[in-house]
Amino acid sequence: MKLAQLFSNFEEELIRQGEEAESLSFVYRSLKNLSFTDFIFALQQEVTTEEEKQFVEDIYQQLAAHKPAQYIIGQADFYGMHLKVDERVLIPRPETEELVELILTENLETNLSVLDIGTGSGAIALALAKNRPDWSVTAADISQEALDLARENAKNQNLQIFLKKSDCFTEISEKYDIIVSNPPYISREDESEVGLNVLYSEPHLALFADEDGLAIYRRIAEDATDYLKDSGKIYLEIGYKQGQCVPELFRKHLPEKRVRTLKDQFGQNRMVVVDDGQD
C-alpha cells in the first residue's frame, strides 16, 4: 500500500470523527520535518515497514481522540515565532496576532511599559518584546504551569520579559502604559459551541469565565485605573458575542476614556481598545 492510500483511509475516518482531515498531513510533515515537495514525493512511496504504518496510525489515533495538532507536535506558530505549547496553555490563535499588530501599529513610542494579563504561553508578551525590544513587558498569569512554559518560550526566543504569578492585578504594584489581555471569555452556557479538540484538551481555566464570560473583563475594568498610567491604553481580545457588553463595562468604569470595538479578519467583533482618543 502506498502512503497516499494509508493517508486517505485515515483522513476519511477523521472526517467521520468530526476532525479536519488536513491535520494528519500537517502533523506528519511537522514530525518528519518534511517540506511540502518532499511530502508529495513520500505519498507515492510504498509503506514497507510496520513501523511506518504505526507512526501514521499513532497520529491518527491522537487526532481522532480530539487532541489538537499543535499539542501533538508541541509547537504553534505565532507572529513569526515557533512557540512551545502543550496542555498547560491555550493554543495561540490567528485572531490574537491581529491584536498584537494593532498594538504595534498604534504605539510607535519607545520605552513603553506593558502588562499582559493571562499570558498563557507568553505569545502576546513575547511578540511585543520581539518587535519592540526597548519596551518593558511584564507577563502575568494565575497559573504557575503556564508561567513555566512562558519562561521556556522566552528562553527559546532569546527574549526578556518579566514573569509574575498574579490573579489579574493581585500581585501587581506598578502602573503601565499599556495593559493587554486575551482572558478566558467563553460563557459556560456556550460550551456546546466549542470544538471537541478544544473542549477535551485545552485548559478550561484559559477558556471559560463566570458571569457569562465577563468575569475577568469586569475585574480589569474595575481596577484598571490603579494600574494604568494617565495616558495609558487597554487592549482586549473579546468573544464575537461581546462587542457590546465588554465596551459597556469599560465605559462605565473609565468614563473619561474612549472605547472602541474592532472586527477581526473574519468580520467578527474581536478587539476592544480603551484610550484617550476622540470619537
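A Cβ is built for glycine as well, from the same backbone N, Cα and C atoms used for every other residue.
Feature annotations, reproduced from Swiss-Prot:
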{"type": "BINDING", "residues": "Gly118, Thr119, Gly120, Ser121, Gly122, Asp141, Asn182", "note": "S-adenosyl-L-methionine binding site"}
{"type": "BINDING", "residues": "Asn182, Pro183, Pro184, Tyr185", "note": "substrate binding site"}
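The structure, with features from Swiss-Prot marked on it.
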{"residue": "Gly118", "record": "S-adenosyl-L-methionine binding site", "Cβ within 10 Å": "26"}
{"residue": "Thr119", "record": "S-adenosyl-L-methionine binding site", "Cβ within 10 Å": "29"}
{"residue": "Gly120", "record": "S-adenosyl-L-methionine binding site", "Cβ within 10 Å": "31"}
{"residue": "Ser121", "record": "S-adenosyl-L-methionine binding site", "Cβ within 10 Å": "27"}
{"residue": "Gly122", "record": "S-adenosyl-L-methionine binding site", "Cβ within 10 Å": "31"}
{"residue": "Asp141", "record": "S-adenosyl-L-methionine binding site", "Cβ within 10 Å": "27"}
{"residue": "Asn182", "record": "S-adenosyl-L-methionine binding site", "Cβ within 10 Å": "26"}
{"residue": "Pro183", "record": "substrate binding site", "Cβ within 10 Å": "20"}
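When the Cα atoms are compared, Gly122 (S-adenosyl-L-methionine binding site) and Pro183 (substrate binding site) turn out to be 13 Å apart. Using Cα positions, the member of the binding-site residues Gly118, Thr119, Gly120, Asp141 nearest to Pro183 (substrate binding site) is identified as Gly118. Of all Cα pairs drawn from Gly118, Thr119, Gly120, Ser121, Gly122, Asp141, Asn182, which the record names as binding S-adenosyl-L-methionine, the longest spans 12 Å. Under the three-state DSSP scheme, Asp141 (S-adenosyl-L-methionine binding site) falls in the strand class.
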